[in-house]
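Feature list (source: Swiss-Prot):
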BINDING   His20, His104, Tyr191  Cu(2+) binding site
BINDING   His180, Gln189  O2 binding site
COMPBIAS  307-332  compositional bias 'Low complexity'
DISULFID  Cys74-Cys194  disulfide bond
DISULFID  Cys115-Cys119  disulfide bond
CARBOHYD  Asn154  N-linked glycosylation site
REGION    304-332  region 'Disordered'
SIGNAL    1-25  signal peptide
Amino acid sequence: MSIAKIAGVVLGSAALVAGHGYVSGAVVDGQYYSGYDMSYHYMSDPPKVIGWSTDATDLGFVDGSSYADADIICHKNAKNGAISAEIAAGKQVELQWTDWPESHKGPVITYLANCNGDCATVDKTQLEFFKIDEKGLISGSDNTWASDNLISSNNSWTVTIPSSIAAGNYVMRHEIIALHSAGNKDGAQNYPQCLNFKVTGGGSDKPEGTLGTALYKDTDPGILVNIYQTLSSYTIPGPALYSGSSSGSSSGSSGSSSAAPSATASASASATAAPVQTSTATAYQTSTAVASVTVTGSSPAQTHVQATSSSAAASTPTASSGASSGSGSSSSSSDLTDYFNSLSADELLNVIKQTLSWLVTDKIHARDISA
């Protein structure tokens with residue numbers, strides 16, 4: 001077996017074990033709201049939370065073959081969140097993900113849709129989403145993406161609710177699009193997450209939106225793209241950013257968002273203050289301050305988030321797992337083969353050792369919200 005095949009098997013297995021992520025909760029004005037924990041799927045009477053439920057218990061994705069189907073809206077067979085988190089227009093919400101694999105690089109995008117009534121009963125296929133936040137390629141020279149910023153910010157992302165939108169009930173659609181297999185048609189992996197918010201105050205804007213089933217096409221330049229080449233720019237998928245969105249509203253490690261649908265590579269920024277472990281939910285701000293927060297929900301999500309790993313394997317192109325669409329095509333296989341064959345035996349062994357160490361010994365809980 002060739003070096004490339006051996007490395008592909010090892011790193012592909014690592015991707016399967018590491019899994020993907022989902023939004024476990026949100027922090028608003030110092031208060032923690034549980035999202036939909038995957039363990040709730042097996043409960044006869046799960047807690048009422050702001051996060052929409054989903055059948056994606058394998059932490060899987062939606063690919064381009066389902067862009068016209070309802071699953072792309074809020075994930076597979078998603079059902080409405082039962083309650084809403086109240087937030088004033090102009091305020092920030094911190095969205096907390098479970099551990100996200102570094103190999104799954106791509107943009108982070110956030111939308112809102114006015115429910116025009118109760119979000120607990122709204123028909124998701126009728127929701128019209130307008131984009132309030134986006135970030136894509138950070139640096140083409142070292143292949144740094146918005147997802148890397150999210151990881152370095154303790155797997156969290158902060159979004160500002162536009163101050164100009166009208167008060168009302170909104171569904172937030174927050175999403176990472178993983179591009180590690182996107183060199184192949186339908187290889188991009190969408191991980192949409194939906195949460196309910198009651199927006200207070202604000203202005204009078206009621207932005208026009210786009211149905212969730214019309215947000216993307218599988219041939220969009222930001223969807224069908226080879227990220228294993230040096231990119232000088234990247235076009236973020238989806239409709240244009242809402243004009244009332246705050247510039248710099250999002251925060252991975254840099255705390256800025258692109259101001260147009262097309263994002264151009266810029267210098268990578270440093271990470272925020274290092275996270276700490278507590279027995280309660282913790283809001284990680286983009287400054288040195290770390291604030292304790294209270295927990296809302298009949299049962300807090302029993303989710304733990306992995307601290308950023310130093311694994312070299314996670315930052316290199318990995319062989320797609322069995323869940324990845326189009327992983328066997330010649331395009332991505334050639335890219336991976338060239339990369340692995342360029343490594344010396346010692347370098348390859350080091351990549352494998354660090355991957356196994358990350359999987360077995362280095363996993364720690366960066367947040368504990370199960371107090």
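Here the Cβ of each residue, glycine as well, is placed from N, Cα and C on the backbone.
Within 8 A of the CB centroid of the Cu(2+) site residues His20, His104, Tyr191, the other residues of that chain are Gly21, Leu59, Phe61, Trp100, Pro101, Ile176, Ala178, Gln189. Within 10 Å of the C-beta atom of Tyr191 (Cu(2+) binding site) sit 25 other C-beta atoms, taking all shown protein chains into account. Across the structure, His20 (Cu(2+) binding site) and Cys119 (disulfide bond) place their CA atoms 27 angstrom apart. Between the CA atoms of Asn154 (N-linked glycosylation site) and Gln189 (O2 binding site) there is a gap of 22 Å, rounded to the nearest whole number. Listed in sequence order, the recorded positions from Cys74, His104, Cys115, Cys119, Tyr191, Cys194 having a Cα within 10 Å of the Cα of His180 (O2 binding site) are His104. Inclusion criterion for the recorded positions Cys74, Cys115, Cys119, Gln189, Cys194: a C-alpha placed within 10 angstroms of the C-alpha of His104 (Cu(2+) binding site); this criterion is met by Gln189.
Look at the Cβ of each of the disulfide-bonded residues Cys74, Cys115, Cys119, Cys194 and count the other Cβ atoms within 10 Å; the largest number goes with Cys194.
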